[in-house]
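TrEMBL has this to say about the protein:
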BINDING   33, 154, 158, 161, 176  L-tyrosine binding site
MOTIF     38-46  motif ''HIGH' region'
MOTIF     212-216  motif ''KMSKS' region'
BINDING   215  ATP binding site
Ligand code: NAL
């Protein structure tokens with residue numbers, strides 16, 4: 001696969017394509033990052049961006065993982081001590097999942113976000129940003145609660161971090177796009193450079209195929225799940241024999257979450273996928289590409305129940321090392 005294709009595979013959006021092509025022409029030693037509000041247990045949402053980081057490491061880039069402790073605090077996720085503790089657990093799970101320890105730098109936000117120079121730069125951004133603009137940038141991150149002043153500071157700090165971590169490419173889920181757009185607009189205003197951004201898709205809710213899979217509602221798959229939990233969750237998933245399901249009765253768009261998980265989580269991490277079937281049902285099926293598996297689901301060659309069973313066992317393999325790490329940490 002050429003470097004541009006590796007960098008952009010499974011990306012929902014790149015901003016701008018021209019800037020990312022330039023980066024792909026000479027990726028060696030370039031720095032990219034994802035920031036996460038620390039949480040004790042990683043779920044598939046975290047792992048989607050982690051897959052992208054693994055692609056970028058393969059392309060020769062250095063990866064910075066920002067453990068965004070101050071951001072989590074501003075977003076009401078607990079006391080500062082609690083957040084620091086969960087950040088440590090998060091780091092251990094990322095490494096267990098497969099981020100290369102040599103080329104991954106883990107940084108706590110609080111290591112630099114409380115410095116005088118940073119604070120003054122932040123105030124300069126506060127001066128040049130309307131409340132309305134900051135609030136709009138946060139809409140998808142903040143959830144439903146009433147915005148506090150802290151929620152307006154949050155996207156401005158995320159903007160500034162791109163400069164302070166000296167990054168060449170910002171990576172995040174599609175829910176981060178408005179912050180990254182704010183950053184592209186604001187950084188030049190305070191005499192810093194614009195950086196390209198790459199956004200990963202958001203996986204649909206497992207049981208309905210609608211909206212997004214989230215830890216606050218519906219079913220999420222996390223590193224805490226046992227093999228049995230996983231089998232049960234995946235088995236309950238919505239999986240019509242198509243890539244493009246009809247909207248529901250109320251006109252809400254639907255996706256096929258089982259196919260999405262194959263596409264975004266399984267195929268990027270395995271050379272080939274084997275669907276084990278007894279001889280009397282046609283024997284094993286082997287797939288090297290997502291497209292061939294999806295085509296077989298659509299034609300009826302691959303039964304949804306077999307697709308689900310296979311998905312559950314590959315996901316189990318992916319999360320097993322992190323699950324063990326979590327158990328060790330808790331002993
Ligand atoms: C991501 C988050 C917080 C701070 C960041 C700073 C720089 C780059 C990325 C960052 C967390 C993210 C979330 N906003 O919603 O999880």
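Cβ atoms here come from the backbone N, Cα and C positions, even for glycine.
Because TrEMBL annotations are produced automatically, they should be read as predictions rather than curated entries.
Shown here: features listed in TrEMBL, placed on the structure.
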| residue | record | Cβ within 10 Å |
| --- | --- | --- |
| 33 | L-tyrosine binding site | 25 |
| 154 | L-tyrosine binding site | 26 |
| 158 | L-tyrosine binding site | 24 |
| 161 | L-tyrosine binding site | 24 |
| 176 | L-tyrosine binding site | 23 |
What remains of the binding-site residues 154, 158, 161 after requiring a CB under 6 angstroms from ligand 1 is 158, 161
With DSSP, how much of the motif ''HIGH' region' (38-46) is helix, how much strand and how much coil, in residues? 3 helix, 1 strand, 5 coil
Using only the Cα atoms of 33, 154, 158, 161, 176, which the record gives as binding L-tyrosine, return the largest interatomic distance in Å, rounded to a whole number. 17
